[in-house]
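K.L.:
Here it is, the structure, as structure tokens.
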Amino acid sequence: MPLFNSILDTIGRTPIVRLQRMAPEHTSVYVKVESFNPGGSVKDRLALSVVLDAEAKGLLKPGDTIVECTSGNVGIALAMVAAARGYRFVAVMGDTYSVERRKLIRAYGGKLVLFPGHLGSKGGNLIADELAEKYGWFRARQFDNPANPSYHRETTASEILADFAGKRLDHFVTGFGTTGTLTGVGQMLRVARPEVRVVALEPSNAAMLARGEWSPHQIQGLAPNFVPGVLDRSVIDDLVTMDEVTARDTSRRLAAEEGIFAGISAGATVATALSIAEHAPEGTVLLAMLPDTGERYLSTFLFDGVDEGSDDAWLASLDTGSGL
């Protein structure tokens with residue numbers, strides 16, 4: 001193991017793991033586990049790329065403040081990168097997102113400006129713009145910044161291509177969020193592995209790409225209420241929707257059956273991959289992105305109905321044999 005000069009040097013090179021119990025036997029379903037990034041999500045890549053790009057262009061200097069509208073993961077990642085690079089960070093975030101996200105941002109020294117969640121990302125971006133203009137802060141502009149998909153072309157896509165070099169890969173499944181992963185990886189697959197079908201998913205009650213419709217939903221991190229500027233629609237082969245209950249239940253299954261604790265959007269990508277795999281030809285290979293860890297959803301509907309007390313009834317049942 002090498003010695004690293006900065007925690008930021010550990011971003012990327014996340015593992016790809018085969019599902020052993022959830023996938024149909026006639027297929028192979030793999031997942032790219034982005035929670036292995038130091039900030040716990042794929043958004044570490046975006047945050048680092050935006051900051052390095054801004055530094056190279058002379059848009060950031062030590063002590064400056066970065067501000068961004070975020071559903072949480074980008075905010076956590078930017079707060080981490082800002083701490084490591086000597087900047088301040090302010091997150092503009094809807095009040096419907098999990099409290100874990102707020103606490104993690106504050107743990108990295110960031111500040112929070114909350115707004116009513118029903119305004120969606122569009123409303124939050126307007127607030128972030130106003131703050132940036134008023135105080136002279138740097139706007140990361142994750143939805144429009146070309147550094148976002150560029151970094152995914154250079155790192156995420158390169159990692160996938162290296163890991164599947166000389167191996168079969170039929171489907172790549174990812175969610176509709178900032179679309180940095182979708183666009184960056186999709187563009188590279190188009191060139192290097194054109195046989196791979198790129199599958200984009202969005203919540204069934206917030207199908208901006210499929211129907212131009214949006215309503216508040218519980219798959220945090222997916223589906224802003226607008227179409228990001230960095231999106232390259234031409235990379236999408238299949239556009240599907242996923243209901244939030246199936247996403248939640250699949251996330252729970254990932255932890256209980258595979259030992260992989262991932263967030264609700266990860267449940268959505270895996271549920272989509274499993275649905276495709278169910279009817280796919282023998283030997284089909286699929287890869288689904290797992291954007292983050294489930295630990296930042298402990299206060300959300302991911303854990304609705306989960307008992308927080310002692311399992312005394314189960315323990316007592318062992319004496320009668322009914323708990324075995």
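Each residue, glycine too, has its Cβ placed from N, Cα and C.
Predicted, not measured: the structure shown is a model, and the values here were computed from it.
Below are the features listed in Swiss-Prot for this protein:
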type	residues	note
MOD_RES	LYS43	N6-(pyridoxal phosphate)lysine
BINDING	ASN73, GLY177, THR178, THR179, GLY180, THR181, SER265	pyridoxal 5'-phosphate binding site
K.L.:
Using the alpha carbons only, what distance in Å do you get between THR179 (pyridoxal 5'-phosphate binding site) and the residue listed as 'N6-(pyridoxal phosphate)lysine' once rounded?
P.N.:
11
K.L.:
Determine, for the pyridoxal 5'-phosphate site, the additional residues of the same chain whose CB lies within 8 Å of the mean position of the CB atoms of ASN73, GLY177, THR178, THR179, GLY180, THR181, SER265; present them in sequence order.
P.N.:
VAL42, LYS43, LEU46, THR174, GLY175, PHE176, LEU182, GLY221, LEU222, PRO291
K.L.:
Sorted by position, what residues of the same chain at least six away from ASN73 (pyridoxal 5'-phosphate binding site) have a C-beta under 8 A from it?
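P.N.:
Same-chain residues close to ASN73 (pyridoxal 5'-phosphate binding site) (Cβ under 8 Å, separated by 6 or more) are GLY40, SER41, VAL42, LYS43, ARG101, GLY221, PRO291, ASP292, ARG296.
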K.L.:
Out of THR179, SER265, give me whichever of these binding-site residues has the highest number of other Cβ atoms within 10 Å.
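P.N.:
That would be SER265, with the most Cβ atoms nearby.
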K.L.:
Counting only residues 6+ away in sequence within the same chain, which have a CB under 8 Å from the CB of GLY180 (pyridoxal 5'-phosphate binding site)?
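P.N.:
Sequence-distant Cβ neighbours: ARG45, LEU46, GLN142, ASN148, PRO149, TYR151, HIS152, VAL230.
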K.L.:
Based on the record's binding annotation for pyridoxal 5'-phosphate (ASN73, GLY177, THR178, THR179, GLY180, THR181, SER265), what whole-number value in Å is the widest Cα to Cα distance?
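P.N.:
The span, Cα to Cα at its widest, is 15 Å.
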